[in-house]
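Engineer: Residues annotated as Mg(2+) binding site in Swiss-Prot, with sequence analysis given as evidence: Asp14, Glu201. The feature active site is assigned by Swiss-Prot to Asp14. Taken from Swiss-Prot, the feature substrate binding site covers 15-19, Arg27, His31, 59-61, Trp63, Arg65, Arg182, 188-190, and the record attributes it to sequence analysis. Annotation source Swiss-Prot lists active site, proton acceptor at Asn62.
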Amino acid sequence: MNHKLPQHIAVVMDGNGRWAESRGLPRVEGHKAGLDSVKKIINCCLEKKISCLSLFAFSSENWSRPVTEVNFLMELFLEALRKEIDDLNQHGIRLKFTGDREPLSQVLQKQMYDAEALTRNNQQLILNVVVNYGGKWDIVTAAKKLIHSVLDGKLACDEINEAVFAQFLDTSGMPEPDLFIRTSGELRISNFFLWQLAYTELYFTDVHWPDFNEHEFELALTSFARRARRFGQISQSE
C-alpha cells in the first residue's frame, strides 16, 4: 500500500470468548486462539514500519469475570511473556506495559519489569501491552500526581496545560493513537485511553479477535487512509 499509515495503533481485542462459544469450545480456547492474532498484527506492524502498537489485554473491569477465567488469563499472559520475550527482543521490539500493576502477582510484575529492561533500547516497534487499565483510573491517578507536584513546589498552577497534564498519564512519552480498532461488533471504547483518543480515528469491525488476520488489518488501514484528519480545523477542500 502506498497510502498514509498510522504511526500508533490502539486495539481492543474483543470477542475471544464469543469466538470459542460459537464453536462449542470453552471460552479459554478463544483466548489461546487470540494470541495467534496478536502475533500476526505485530508482524504486520513490523513490515509496515508502524512505530507503536497498544493492545488492551485486560481492563480494570475484567476482574469481575469468573475467577477461573481471570486466573487463566493471568497465567496465559505470564506464559506468553516467558515464551515470546526472546523472539520479540530479536525483532527489535520494545515492550512497555500500561496500567495498574499493584494488584498483579509479584511473579507477573517481575516478568513485566524484566521484559521492559531487556528490550528498553529496541527501536523497531513499541509494543505497549495495556493490563489492568481504565481510562478514568489513568486520569484520576495523573491528577493526583499533578497535585503532589504543585504541593511540592515542583510545578506552578499557571504552568498546567494539556501537554503538562499528559506527562502525568501512564502513557507519558508515547504518541497519542492515530487509529483505534475494536473487534467483535461492539461500538464503544469501554474506558480505554479516554484522554488519549481525543482525535483518534475509530474503526469497528464485526470480526472476532481470533479471526482478525492480515486481511482484516489491511481493511482497517485502508479505512484510515481514506479519512481526512482535521483535528477540529477545516479541511483544505472546504
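Each Cβ is built from the backbone N, Cα and C atoms, and glycine gets one as well.
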Engineer: Helix, strand or coil for Arg182 (substrate binding site)? Use DSSP.
Structural biologist: strand
Engineer: With Cβ-Cβ distance below 8 Å and at least 6 positions apart along the chain, what are the contacts of Arg182 (substrate binding site)? List them in sequence order.
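Structural biologist: Looking at Cβ-Cβ distances below 8 Å from Arg182 (substrate binding site), excluding near sequence neighbours, one finds Val11, Val12, Asp14, Arg188, Ile189, Leu202, Tyr203, Phe204, Thr205.
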Engineer: Provide the three-state secondary structure of Glu201 (Mg(2+) binding site) computed with DSSP.
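Structural biologist: Where Glu201 (Mg(2+) binding site) sits, the three-state DSSP reduction gives strand.
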Engineer: In the structure shown, which of the binding-site residues Gly15, Gly17 has the fewest other Cβ atoms within 10 Å?
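Structural biologist: Fewest other Cβ atoms within 10 Å, among the binding-site residues Gly15, Gly17, is found for Gly17.
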Engineer: Around the C-beta of His31 (substrate binding site), how many further C-beta atoms are within 10 angstroms, looking at every protein chain?
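Structural biologist: There are 21 such Cβ atoms around His31 (substrate binding site).
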Engineer: If you count other CB atoms within 10 A of each CB, which of Asp14, Glu201 wins among these binding-site residues?
Structural biologist: Asp14
Engineer: Using a 10 Å cut-off on CB atoms, tell me which of the binding-site residues Trp19, Trp63 is the least crowded.
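Structural biologist: Ranked by other Cβ atoms within 10 Å, the binding-site residues Trp19, Trp63 bottom out at Trp63.
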Engineer: Whole-number answer please: how many Å between the C-alpha atoms of His31 (substrate binding site) and Glu201 (Mg(2+) binding site)?
Structural biologist: 26
Engineer: How long is the line from the C-alpha of Gly15 (substrate binding site) to the C-alpha of Glu201 (Mg(2+) binding site), rounded to the nearest angstrom?
Structural biologist: 21
